[in-house]
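Per TrEMBL, the features are as follows:
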type	residues	note
ACT_SITE	His57	active site, proton acceptor
BINDING	Pro154	substrate binding site
BINDING	Thr185, Asp231, Thr234, Asp239	Ca(2+) 2 binding site
SITE	Arg53	site 'Transition state stabilizer'
Amino acid sequence: MAALLLLLLAAPCMAQLTPDFYSQSCPAALSTIKKAVNKAVARERRMAASLIRLHFHDCFVQGCDASILLEDSATFVGEQSALQNFNSARGFNVVEEIKSAVEGICPGVVSCADVLAVAARDASTYVGGPTWTVKLGRRDSTTASKDLAEANLPLAFNDLDALISSFSKQGLSVRDMVALSGSHTIGMARCVTFRGRIYNETDIDAGFASGRRRACPFEAGSGDGNLAPLDLVTPNSFDNNYYKNLMRKKGLLHSDQALFSGGSTDGIVSGYARDGASFSIDFAAAMVRMGDIQPLTGDQGEIRRVCKAID
């Protein structure tokens, strides 16, 4: 019995995430984050997509621990230089602005991981997307890994099986995957990520491909950073047009169109295209499940005062 007691005392405290985690320690945390997010997205509408993507790319590597925010250090090469993030993940300065605002009212209390989770929700709401109750109490990692990021994050060139596998590894279902992909109803993509689709693929609307080619030259290395909206119809509003586009063969990325290409997810896509409310409900639920991926809690990790570096 004594040995068991010692073992329990030595084990890390595994607290549960809860929506009211900061109700006593920092009651103004959520309103402060929301105000800062609204200011950032009002300044640049694209930032909504960037903040949602940061939370997603964080959770898929080591869990939702703010590891994506860490810059390279003497002890690790971080995730920002991974193929799926390099020159595309953005919004790091905005996260630091949000974190600074929270530090101003409650120093050393709110984690960067929780800031990311709340910011993603508030960004969705600001551009007309769904809201959800964010569970809180995550702590921040003290390391990051480029190799894990490249192994775990999906690619713009993935086929359906690879996408399903990538999400399944994180404990997310096929429906979760299709719903979360709907975040591509907002945001932009770089030419280098869709060049192969608009020049080489046949499962694409000819007029759509022609239009995209005007801003994305055929030659590799030419115009790689040129941007195009992921949703050509309503690129600044969170709605279900993304799925309608897929049914018209107007998915910008190969991984987008893979969701509606004669495979097992066609029915989910067509359902969301018909019923935007169903998509919103499923997206919100999937974001909550994604936010539960392997959080650090209790006395694990740390609370960073600056998100880009370990304290």
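Here the Cβ of each residue, glycine as well, is placed from N, Cα and C on the backbone.
Automated prediction, rather than curation, is the source of TrEMBL annotations.
Here the features listed in TrEMBL are placed on the structure.
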residue: Arg53; record: site 'Transition state stabilizer'; contacts (Cβ under 8 Å, 6+ apart): Ala89, Gly91, Ser183, Gly187
residue: His57; record: active site, proton acceptor; contacts (Cβ under 8 Å, 6+ apart): Ile68, Glu79, Gln84, Asn85, Ala89, Ala149, Leu153
residue: Pro154; record: substrate binding site; contacts (Cβ under 8 Å, 6+ apart): Phe60, Gln84, Ala162, Leu163, Ser166, Phe167, Ser255
residue: Thr185; record: Ca(2+) 2 binding site; contacts (Cβ under 8 Å, 6+ apart): Gly129, Leu230, Asp231, Thr234, Ser237, Phe238, Asp239, Asn240, Asn241, Tyr242
Query raised in the report: Which has the fewest other Cβ atoms within 10 Å: Asp231, Asp239, the binding-site residues listed?
Result: Asp239
Query - Other CB atoms within 10 A, centred on Thr234 (Ca(2+) 2 binding site) - result: 18
Requested in this report: Determine, for the Ca(2+) 2 site, the additional residues of the same chain whose CB lies within 8 Å of the mean position of the CB atoms of Thr185, Asp231, Thr234, Asp239; present them in sequence order.
Outcome: Ile186, Val233, Pro235, Ser237, Phe238, Asn240, Asn241, Tyr242
